[in-house]
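So that you can see what the record holds, here are the features copied from TrEMBL:
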- 1-26: signal peptide (SIGNAL)
- 97-236: domain 'VWA7 N-terminal' (DOMAIN)
- 265-362: domain 'VWA7 N-terminal' (DOMAIN)
Amino acid sequence: MPCATQKMLINFLLFFSTFFNDPVNCFVPGKIIDYVISESSTNAGQDIGRISETITHEQILERGLGKSITKFFYDQTDGPNRINLTKITNHYQDIRNIYADYYGKTVCTPKVSDIITVLLGPNVALVDLDPLTKDLPYAHFDAEKFNESNTRVMNFTNFIYFYLDLKDYEKALELSGQIMHTIHDFYSHSNWVEMGNVDRINRAIGTQDLYSMPIADEKDAETCLSNCELIETPCSTFTQSVIDFLKLLELTSALFECPIRYYKCKSNLAEFDKLVSGYYTGQKLSDGTPVPKPSNLLKCSHGGLIDVDSILLEPTGGINKDSGYYLFSPRADLHLVAAHLAINHTEYFFDQIRQKIGDQEFDKFLDLTYSSIELSRIPDNVTFLKMPNLR
C-alpha cells in the first residue's frame, strides 16, 4: 500500500473512532472529513456526495457567540471608533480580531477563547455522546417532538439564569453549551428551512409561543415522499475503508456493502404547513421506551448512513441537513442555510442573556474584558498565525 494511502487510512480511522464510536445524528465533524479527503488520492469527496463545506456544532457556537461579543464591544466606551460592525460575519469570526481592533494589540488567546475550548465547545458536543441524551429525541427536535424539545430549552434556560444569579458561571456555561446543541438541531432536523425560512430564526423556541405553532403528529399520515434519488458509488480504497471500519465497530449490515448507497433528496416533503422532523433509528425516551419510525405511516426519516430505517422503511431518504455530505445528510444542499440560521440563533441566545443580566454580568459570565494591568502584561508588536480549525 502506498505511503500516502496508508496515511489517508490512518487519518480516516482517527475520524471514525471519534465519529462512530457512539453513533450520532447531528452536525458532523466535517473539518476532519475534509482533512481526510485532502489526504486521499481518490475522488473521496465525490464518493460520499460532498456538496459544500460542513460547519460543526462547535464552529456554529463560536461564530454565533463571536457576533454577540462583537456587539458587546461595539457598545462599550469608544467602541464605535474601534469595532467595525461590517466585519461581524467575516473578519470577526476569528475572535482574536475583535480584541485586536478594540484593544489595539494582539491577544493571542483571549480568555473567552479558553471558555469556548474548555466549557462551551465540549458541552455542545456532549449531547451527542452522553448516553442520557444521544438517543433522546427531545434533545434534538427529532421524531416530531417539538413541544418536548421546547420544554427542554425553556427548562435549561431557567437553570442558566438560576446559576447566573448564584454567580456559578461555569455551570451556566456548561448548560448553555448543551442547550445550544438542541437549538442548532431545530434548523438541521426540521423542515423550517423548506418552509421558506431561509433567513429568519424561530424566536418562538424557548417560549410558550412555540406550543401554539402548527406541528405534525400521529394524525398526519404522510409527511414525506419516497422520491429521493438512490446514489450508488463503486468502492474505492476510501469507501472500502468506510465499510471495513463500520464492520470493526460492529455496525455490520448488508446495507454497508459495496457499492456505497445513499440518498440524495430534493423535494421529498409532503407537509409545508406544519413543523416536521425526522425519525432516527434507535431513539428512545428517558424511561427506555422506543421511538421508532412508524411502519404504518409515511413519516420522514432523519436519514444518512447509520439511519437504517431511512433505507428499510418507506418513505426512504430523509431530511437532515447536518453536513455538506449526502452520505450523512440527504438534504446536504441545505446544510449551509441551516448552519447559518443556527449561528444567528446562537447570537440571539447570548444577546438575550446579555439583555437580561446586563453588560457587567455578561462580561463576568464570559470573561470578556481586560484590565489595564492585564493589558500591560501582553507584549506589543505580536502577531498571531491563522491556524487550521479541525473542530
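Using the three backbone atoms N, Cα and C, a Cβ is placed for every residue, glycine included.
Since the structure is predicted, the reported quantities are computational estimates derived from the model, not experimental observations.
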Residues of the domain 'VWA7 N-terminal' (265-362) by DSSP state, where helix covers H, G and I: 35 helix, 9 strand, 54 coil
Helix, strand and coil totals (DSSP H, G, I; E, B; other) for the domain 'VWA7 N-terminal' (97-236): 72 helix, 9 strand, 59 coil
Stretch-averaged pLDDT - the domain 'VWA7 N-terminal' (265-362): 97
